[in-house]
Every structure is written in C-alpha cells, then in structure tokens.
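Asks: Feature list, courtesy of Swiss-Prot:
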type	residues	note
REPEAT	295-328	repeat 'TPR 1'
COILED	340-382	coiled coil
REPEAT	619-652	repeat 'TPR 2'
REPEAT	689-722	repeat 'TPR 3'
REGION	771-825	region 'Disordered'
REGION	903-924	region 'Disordered'
COMPBIAS	903-914	compositional bias 'Basic residues'
REPEAT	1071-1105	repeat 'TPR 4'
REPEAT	1108-1141	repeat 'TPR 5'
REPEAT	1142-1175	repeat 'TPR 6'
Amino acid sequence: MAAAIGVRGRFELLSCSGPGWLISLSALLSVVARGALATTHWVVTEDGKIQQQVDSPMNLKHPHDLVILMRQETTVNYLKELEKQLVAQKIHIEENEDRDTGLEQRHNKEDPDCIKAKVPLGDLDLYDGTYITLESKDVRPEDFIDTESPVPPDPEQPDCTKILELPYSIHAFQHLRGVQERVNLSAPLLPKEDPIFTYLSKRLGRSIDDIGHLIHEGLQKNSSSWVLYNLASFYWRIKNEPYQVVECTMRALHFSSRHNKDIALVNLANVLHRAHFSADAAVVVHAALDDSAFFTSYYTLGNIYAMLGEYNHSVLCYDHALQAKPGFEQAIKRKHAVLCQQKLEQKLEAQHRSLQRTLNELKEYQKQHDHYLRQQEILEKHKLIQEEQILRNIIHETQMAKEAQLGNHQICRLVNQQHSLHCQWDQPVRYHRGDIFENVDYVQFGDDSSTSSMMSVNFDVPTNQSDVSESVRSSPVAHSVLWVWGRDSDAYRDKQHILWPKRADCTDSYPRVPLGGELPTYFLPPENKGLRIHELTSDDYSSEEEAQTPDCSITDFRKSHTLSYLVKELEVRMDLKAKIPDDHARKILLSRIKNYTIPEEEIGSFLFHAINKPNAPVWLILNEAGLYWRAVGNSTFAIACLQRALNLAPVQYQDIPLVNLANLLIHYGLHLDATKLLLQALAVNSSEPLTFLSLGNAYLALKNVSGALEAFRQALKLTTRCPECESSLKLIRCMQFYPFLYNITSSVCSGHCHEKTLDNSHDKQKYFAKPQSLDAAEEEPSRHGADEDPVLSVENAGRDSDALRLESTVVEESNGSDEVEKSEETKMSEEILALVDEFQQAWPLEGLGGTLEMKGRRLDLQGIRVLKKGPQDGVAKSSCYGDCRSEDDEATEWITFQVKRVKKPKGDHKKPPGKKVEASQAENGQRYQANLEITGPKVASPGPQEKKRDYQSMGWPSPDECLKLRWVELTAIVSTWLAVSSKNIDITEHIDFATPIQQPAMEPLCNGNLPTSMHTLDHLHGVSNRASLHYTGESQLTEVLQNLGKDQYPQQSLEQIGTRIAKVLEKNQTSWVLSSMAALYWRVKGQGKKAIDCLRQALHYAPHQMKDVPLISLANILHNAKLWNDAVVVATMAVEIAPHFAVNHFTLGNVYVAMEEFEKALVWYESTLKLQPEFVPAKNRIQTIQCHLMLKKGRRSP
C-alpha cells in the first residue's frame, strides 16, 4: 500500500539530473492532493521507494512553462477544496432534506389537542350563531308587544327603515366597511340547528310571522324602543335578511343604554361574520366586551379569531368563555381544534421553509458542480497524457538508481547510550523502527541547530541532578506578590499567617463563605484623597445647648442629573425603614473622633454645628453625617445625607459618598442595589481598594463567588495604602488558596453577574459594568526583590525522599461526587490548582514556557522548582512563589519539559533562561523513565522572531499541536449581541416585566417606512434590499431574549417578551433601546426585514456613542445573509464608536473569517484578547486559523 509523503528539502531535488529535475520541481511547488483523484505527486511504494504518481496533474505537456505550472498548482488546490465543499454540501443536503410525507396525518393522530378536539378545525362550524337574550337584562318581551292582539291574514313585517329615518349616529359603527355595504351583504343559509330559530317562538308562543306583525305594531306605537328594535333584529336574523338585521341593529344601538348595547352588538357581529366581514365583526364584539363580559361574547369572538387565523387570540377568548361558563363543551372542542390547527400550520410552515432551503441549496450545489467540471477541464487541458508520463517515470527511476550507486546518502551515529541519533545534514533520515533504533528518542541534525522529538514526555525526576539546578540562576524574575496596599513584604513579616494562611487556619477562621450579615462594612474616608475636615473648637458652639442631631435637609440641594437615577429609588424602599445600628460604622466613627468617651449625642451636636457653620466643603461634613446616622441605625437620614453629599461633591470625588452609601445598603441586605452604586464608583475612581472590597462583599452575599474573587484580586493589585482593608486579607487569601474548602470549583459566574459574556473566563467585563475604568489607577508594584528567583514549592510531606514525583490526582470538578481522594494527594493537587489564578495574575507571562494540564485545568509554566527539604529541616509546609528567598536555591530542583522540535536562531548559542532543549539533556546522558503522566506542558512554537508569548499574543502552535487540537468549525455562524446594560442602561426601566399580561399576544413592529437619513445606512445593499434577504435567523439568541430582566423577574416565554416589547414600543417609537430589543426579537424569529426595520429606527434615534448596540445586531444579520462587505462596513463602525468592547472586535473577526481573509481575522481576534484575555472562543478560533494557515503553507513548501 502506497502512502503519501512530502519532500524534505531542495538539496535532494538538486541532486537529480535529466528531465526528472523539472518534474521534481513541480512536486516542490505543489504537494497538495489532486482534487479529482485525491492523491499527491509523490508516493512511497511497498518496498519503501519514493516515486511520483503515474497520473499526476503536475506532469505537464509543457514542463518548461513556469506560469502554467503555478496555475496548475493553484487549480489543483482549488479543486481539492471545491471537492471537499461539494461533498460536505451534498452530505448536508441529504442529512437535512425533509422527507416526511405523512406529517398532517401523523399530527392529527398523535397530537393531544387533536385527539381532544376529535375533528379538525375545518370541519367545525365557525359561523355558529350566538345571541344574548333580553331576559339576561331583566327585560320581558311580553311587556313591549301585545301578544293577545289579533293578527290579520296578511301580517306586516317590522321594516325598521320605514319606522324611523336614522340620522348619522356615532353609536351605529357606520365607519365599518361591512356596515357601509350592508345592502350587498351575503346571506349564507342558516343551519336548522341554529338556536336563533327557537328563541322568539318558544318565548312568545306564536309563529314567526305573527311575532313579526306584533313587533311592527309595537314599533308603530313606540319608535324609540331599543327592546323592539332588538326583537326586530332577531326576527330578521331568523328570516336571514342581513340588510334588515343591520338596519334594526343600528337603531337599537342608537337608543340603547351603554349597559344594554351588547345585545345588538352580538347580533350585528353574527351577521357581519357570516357575510365574511370577520375583521369588522371582531371590532364589534370587542366593543360589546367593553360594556359587559358575557361568555357569549367571548365565545363569538373566539370563533371570529379562529376564522381569521389569529389562533393565539382565539384560544385566549375560549379560555375566558370557559372561565365564565366552565364545562362549555363547544368552547372546549373549538379551543383544542384551534390549538391542533395552529401546531399543524407551524409544522407545515417549517417543512415548507426546509424544502425551500433544500431547493436553494440544490441549485447552489448544481452551480458549484458545473463550476467544478469546468475547472477540471482546465486542469486536464495542460496535463500530460498517461502514456507520456509512464515513459518519463521510467527515465526518472533510472536516474535515481544511478545516484543511489554513487552514494547519495548520509551516515548518522548513535550517541548517549543509543538514545539519540546524530546526523550531519538536515536531510530526510530513512531507517526502520526496530533493532538498534528501537530506543532512539530524538534525532539531532547538524550542529545542534535543530532537534526532533520522537517520544511522549513522561518524567519521574530524581533529586540528585545537580546540573539541572544550574539553570535556576538564569531564570526569570516574577512580580512580587507580597506588595500589598502600599506595604512591602517586610511589613508582613509578623503576619505570615494572614498573608500565607495554612489550610487549618482557614478552616478554623472561616469554615465556610461568610453570609451577608457576617461581612464587615467599610467607610471610605476623604483623607485618602488628601481632603480633611478641620476639628471643631468650643468657640463654635455652646456645650450647654440642647443636644442636636445633624439635619441634612437644611443644606442647599443642587441635584446632579447624572447620578440621581442611582439613588432615586432608595427613598421609597421599605427595606430601609427599619432601624438597624451598624457596629462597624460605630467603631469607625469613634476612631475618627479619636475619643471613645464622647457620647453619640455630642458627636451629633458636633456635626449639627459643622453643617450650619461649615469650615470645610459641605459635602465632606454631609459624608461624616451619613456615617453618624449609619452608626445610629437611621437609614432614612443616612441616605438623605449621603445623597446630598453625592450631589454636592465634585465629579472626581463622587466615589466617596457612593461607596459609603453602598455599604449602608450592604448592611441592610440590599446587595444588588449596592453593586450598582459600587460599579458607578469604580467608573469614577478605580484606585481605591475599599471599593473593590465592598464590591467583593456584595458579590459574596449574592452567591457570586467568582465575581467576588475577581474583585478581591483587583483590590490586591492596587498599591494605594489601605489600613482598613487588612481585616479582610485573611479571608481573601483563604478563598484564593483553598477553593475546594469553599466549593469554588470553577470560574463560572453563578450568582448575579452584570455582564453576560460568551465564555466562562475570569474576565473583568463579566463582573464590572465599566471595565475600561478598572485599570486607570493601577500602578506597577515595587521592583523590590527584582534579582531574586521565582520559586514554586509544592508540599511533599510523607513522600519518597529519593524521587520527587508530581502527582496528577485532583478532586473531580462539579460532578456531584462525594468520593474523597487520598488526603496528601488531594492537598497537593488542590494547592497547585489554587495557584493557577495567582500565577496568571502575578507572574509575567514571558517567564513561563509551556502548559501543565491536570483534570481540565491549565497552568502555564517554564519549570517547577520542588523543595527537597522536609519539615524536619525547618522549611514551612506552605507553598511559596514569587519572592521566595534565594537561599532556597540550593534545596531545589528544576523540572523543565521540552517536547517539540525547536529551531534556534542562527548564531545564538545561549539557551533561553529556565529552558533546556532535549539535545542538551540527552548529551548529559540523563534520561528519565515514564512515570508521571502529563499531557503537557508544551512549549509554543516561536512564531515571529522576538515575539514574546503573553495574553496578547498566544504564539503559533506546532504541527503536532495542530493535529491534536480540536478545530473550530469556522464556517459556522456565531451570533453576537451587545447588551444595553453595557451602556449602563437598566432594561427593566424601559420594559414592564412585572405586570401580568392580560391582552392577546402581540409582536413588536417598527416603522418600515421610516424616511432615509444619514444614520439609517440605506446606501448599503443589504439595508436597501432588506425585503429580499436570504436570512436564516438566529435561534441561538432565544435564551438571551428570554433572560431579559432575569435578575429581578423570572424567565418568560418568547411570546411574552415579544408582547411586552410591543406594548411599550407602540407608545414610544422613538426609543432606540426598545427598537434594539424588537430587532433582537425578530433576529430570533428569523425575520430579517422586520429586524432591519427596527435597527434603522434605532440607528436614527440613538445617540452616537450608543449606535454600536444596533450596529452589532445589523452586522450579524448581514453576516448571516452572506453580505460580508456590508457586514464589514457596519462592524467597523461599531468598533470605531466603542473600541473598548471585545464583542465588537470579535464580530468583525467573524466576518473576516467568513470572507476567508484569515490574516485580518487574526488581527481582530488578537485585539479581542487584548480587551478580554481569557475569551475562549477567540482563542480557539485563533488556533484553528493558525493551524489552517500553517498546514496550508506546509503543503506548499518542502
């Protein structure tokens, strides 16, 4: 069996002679498979010989024509890709073709509503006659006509037009088309079982003709009686004269009181409905329901809506009828028939769309197939005929045999106990695996300039390797993780149990995550900003005065429109009416007075006089008054003081009252409201650790542990001095070091998150509403200890002293298992996993090389130094890293993993710090046996020269990694959505999620005829021709739509969300927020035109800085419709408006991928990671594109 291979280098090609060299050159330029035969130019035969294919497309009629050769290569590559596409397209069509021919019959047999209805909707009489009796209004017909009066042989009929000439009446519904055309109303035959036939006869005991005469006599005597006109309309309904029914009904409506109009309205609706003016009939019945809610009206309206195809409204009307009259059989049967018909139509519509899509795909497949055949003809036109190829192959084989006899080979020697093979030149090495080559681990070419690994990396590290520890001296230095809140490591020399707590300490101090009421509250002092309140003296007030309390209402109130919305709801919250003193606030208050003997009343007097005679900015004194009322427990006064302080404070200091107000809310258990204030405070100033600590406490109370950890991590990164923060330090470190102790097994945000993102990563944007403001005040930690080596010591108590072994046993994540591993193994692996996040935050990534994977967790590292000393040597059991002392170097071993072929730059003979290639390890004769199973770590391929690997640049994977990676399907459309909450907009303020829905379902419709403006982008083809888009919809956004407002209200159905959006949009068509929500609804529904109508409306009314929200939706629709050039224009506009949102960059990258402009896509995915370093979809797509480009180029080059 022949196997396809590539050509190693051009030196082998140059050694050929005769006409075969040009054929070999063609193989050099095209190693890819031929599309038609799926073969390469070169093959390896069963006896190990390399020869060209007999029927190769690269054997040309004119081998000297380089241009044709290059075109042939392009055609071969193109045909191969085209064939793959055709095969995949055909498989896709066959798999998705709808072959269900018995859909309707099976639906009628299996659907529960169809079974209950027993008959289809089409077999039911939806014109079923209904009426409301006069007796239901306490009216007796006998009181209005003389039943004892004799009737002449030729009785008269009650012609209402002759009784009274009715002027125009606003009550008679003369604006309806059915009423205006009453002369031409059709009159289908009434069924004999229609109940209207028996109503008058049974009641009055006379024939219908006699009753008509009596009604005529009554109208002659009283031409303004609404009862007689209603009786006349009943008479004409029995006679099946719709014109007369309408005339009598109009007069009955004219003279009826409002409460009695429904009798005439139901009569009018029945006639209009039977005459096929069902829409007018629905209007009339709705008017009847406005006056009185009889079940007859609901039942009639249900029939009308069923006939109109408004199935949701019909079912709702039947439900109301059943509520008014439970067990009403006709309503029950029709309700189930309507539901049965509705689901059948939905299935048939879906089948129709599927068949239409299949038809379009078949047409496209036929076009591609015809194009493929044309390209195949072009390929065959330049190819050499098969007989000529065979002749040239014979000549080539003869030449190869001559060269083999002349010694065209190289001699390689085994070194290092036959574990490595050293070859002089970088040429292909041919040998059979076995015999003396069985133990060859890697091959070295030339002067150690290139190595190629031939084994998987599994190490058991002996502890007596002195040469390995030599590399420690040149290892990189990490940032100091002991630089906390402006204090270096010496300041924590006596507090190691706080900064580096042991597991036992954490178990004793914090056996669980503290509850909301157990967390401390804080006070952000103005002194942190360099502000100070002067002390009061006895001259400022008289101590003999009656004790006063600070009254914040006497100050001038200057409202800040920018922030008032944050606190306007707090004034009416019932949660804040209780009096709950805050002990933490009392301690802070007394510490600020610096006199614990002063009673609270005297402190209140201090503040009262300070407000009346301010010797400092008033907002500072109001801030102190807020602390006073917090300590006392009067939340109403505290909010008043802090609200006024917020409105009077300069913009750059507004975070002080915001943070203090948020801590008041935390004390009262309003943690979600507190997070909103804290996020706004971070937008003002992100350099205060107390703000992050307060936010972390709020997230802990909300069960958002991952968000709390992120907030705590941000607090630890700040260099601002914060003595008040140290009380929380031990809790933070315990949660970071021992996540399993608190069941923190993943970084998924499980509580209240303010941003929904596309991944489960530690991303600031996930927890903080304004991520761009978080890094504004971060400073670089001190360079103290910059010459020390980074050390990661892993606890090794109770292990073999002769061989340190890195165990890969960890506790399973989130699988609900109660299985407990061995205590030592669990503790060690738990520490390693707990330090993953700490390494990523504190170590510079250029100091790391590779990836250690354990149970799905990845730890980037260059090497691990393991302390050989045990507890008997006085070394602490806890792990140390970062700024460990240099004297530990003598007691450490470096374990460095290298697993791939690595090319070194020419002339650079230095080994990179902390890294050892396998060649140097092999020359020392130190080979380790496979005892530790590690899937990594793997050193990334260098990529471009001098480009360091960090979160902004992932580096390029090696070919081996590409083969193992799970590639992303780049052709799949990934939908993105930029939430309005990213613009600090609360969607619950625009859409009412609380009020129950009483009316029938609605859909949000935007103005499709909105005039063209400079904002509506009508110059784009996709927008101007939106009615003809081939848009397949984005059902994957359904959950996003249903979860709108989920933080405060339960999840709702798609129809409910659409109805709520429609209700508010109907009242406010100029709201860009509502238009964007309506566009999201239509994106889920798959209605591209209606979605773009709403987006045009949103773009027209949205402020410039908000336009990226509708632009991202528009870019997704155009991307889905394959209008990629338009999508690029729109997505680029979104990036220019809001370059700080990662989703905008990611969307633009997706469009470039669809256009197969992979280099541009890489640029935008890289910029996505700069904004959101752990965004997994962007990382996966970068790796897939890199592998695609690299392997594609690899096929083209030797």
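Just so you know, glycine gets a Cβ as well, placed from its N, Cα and C.
These figures come from a predicted structure and were not determined experimentally.
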Asks: Using Cβ atoms and a strict cutoff of less than 8 Å, what residues sit near the repeat 'TPR 4' (1071-1105) while being 6 or more residues removed from its termini?
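Replies: Contacts with the repeat 'TPR 4' (1071-1105): 975, 977, 980, 983, 985, 987, 990-991, 1003-1008, 1010, 1013, 1015-1018, 1022-1023, 1026-1027, 1029, 1031-1035, 1037-1038, 1040-1041, 1044, 1054, 1057-1058, 1061-1062, 1064-1065, 1111, 1113-1114, 1116-1117, 1120-1121, 1137-1138.
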Asks: Summarise the repeat 'TPR 1' (295-328) by DSSP state, stating how many residues are helix, strand and coil.
Replies: 28 helix, 0 strand, 6 coil
Asks: Take the coiled coil (340-382) and average the pLDDT across it for me.
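Replies: Here the predicted model's pLDDT, averaged over the coiled coil (340-382), is 89.
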Asks: Within the repeat 'TPR 4' (1071-1105), count helix residues (DSSP H, G, I), strand residues (E, B) and coil residues, in that order.
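Replies: Summed by class, the stretch gives 30 helix, 0 strand, 5 coil.
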